[in-house]
């Protein structure tokens, strides 16, 4: 664990290499396990203002062993930041794979996928990079192709995958305009070419996305254009999310252990989850990420301070209790039922008339006087949470929409009738929208996946954990620069100063009685 950019993903890769080396094997399975990371990074990581290779999802890797030999592995992924596909803030980029494709595909391949100059695409904000950067991306694209081959993706599957990604980019350039005859909204003439490149039939798109303002109470033309753009973006996010989920499923199929079910396997699990974030503008995604970090910090506190000191008390050792910064009140603020922040968000999401403003009003009245909550100031629709790692202001705009994560039924039909084979099974695997819980109800873990973050936390509480705390040396993303204040702040809020005390004054080595007697 640690802040965004502290080195969690790099540490995970080193730890995996180390474990594979300790197995003293060089089997194909071990090589495949190591190849998983560059593949996941290409599709799940992106450049942010805090980190040039930021994980925009959480992953839990379970390694299964029999007599010190790896027999299989399983990967669980949590809360991919799909909103990044359609919008990035200043100084940020879309997922790496889009840039790798532009740099790595030959001109013939780009033509086959209908890709033009990268500066034309809205979803990558028209930004590409210098020649040196493009050369680096070209090298990375080759790495991804090698990893796809090594992990066992068929050639046609790789073609389909890239066709979907190219289609997503083209779809982002589709715009809408009023229809002069009847006042409805249609796909603009200027973007019909992009629609064709996205491989969606014009009449299908019109039926899917466009609405007609026919009475004083129905949406205005400008509102209709906005609704159409939202639906377009929903299609793009779903397509990308399904591709990512499919990659994870394929990896798990390939790495599954091939042993007798009666054989008991030992397990090492490695959790590499998105770090605590505090940007200039923080939204729903940051709240989910910071909640996950609050849960991990609580787990750390429980294991290091509560369980340890309870054992000393039980054995009647002379012990002066070490106080620590307990973040349980913050978790109650966020997770309590029925009046926690996420419960209130779910409640508001269920009301068609509710808006982001009514949600914020509800928070302000419910948490008045709570020392971990502050209402927004002025006319900004926002609120602040005092997290264990510091105060974060969240902009409430889009909270309800992101929590609903809606996909119209006719859009599902569009995928199911797709000519790209990959998209059809992807959609059919999904739970029908009506039965899918919102992200808030799933406590930031989409229950359409086998595991949610809550199940993960239960699993961790039953395991014997080892904590790797990653400390960020500076905030400028510079090598070889140590900013003492930045580091001290992290040591303080992580509870590491108290941890050092309990390790120094307590009993960190616990031999069994048999080991002690034998010695």
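Each Cβ is built from the backbone N, Cα and C atoms, and glycine gets one as well.
All TrEMBL annotations are machine predictions without curation.
As recorded in TrEMBL:
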BINDING   2, 3, 4, 5, 6, 7, 8, 9  ATP binding site
DOMAIN    1-519  domain 'Myosin motor'
REGION    453-475  region 'Actin-binding'
If you take the centroid of the Cβ atoms of 2, 3, 4, 5, 6, 7, 8, 9, the listed ATP site, which other residues of that chain have their Cβ within 8 Å of it? 51, 275, 470, 472
Going along the chain, which residues at least six beyond the ends of the region 'Actin-binding' (453-475) come within the CB cut-off of under 8 Å? 1-3, 5-8, 11, 15, 50, 58, 60, 76, 78-79, 269, 271, 275, 292, 295, 299-300, 302-304, 442-445, 481-483, 486-487, 490-491, 494, 496
Among all protein chains shown, how many Cβ atoms are found within 10 Å of the Cβ of residue 6 (ATP binding site), not counting that one? 20
Under 8 Å by Cβ from residue 7 (ATP binding site), same chain, sequence gap 6 or more: 470, 472
Can you give the mean pLDDT for the domain 'Myosin motor' (1-519), rounded to a whole number? 85
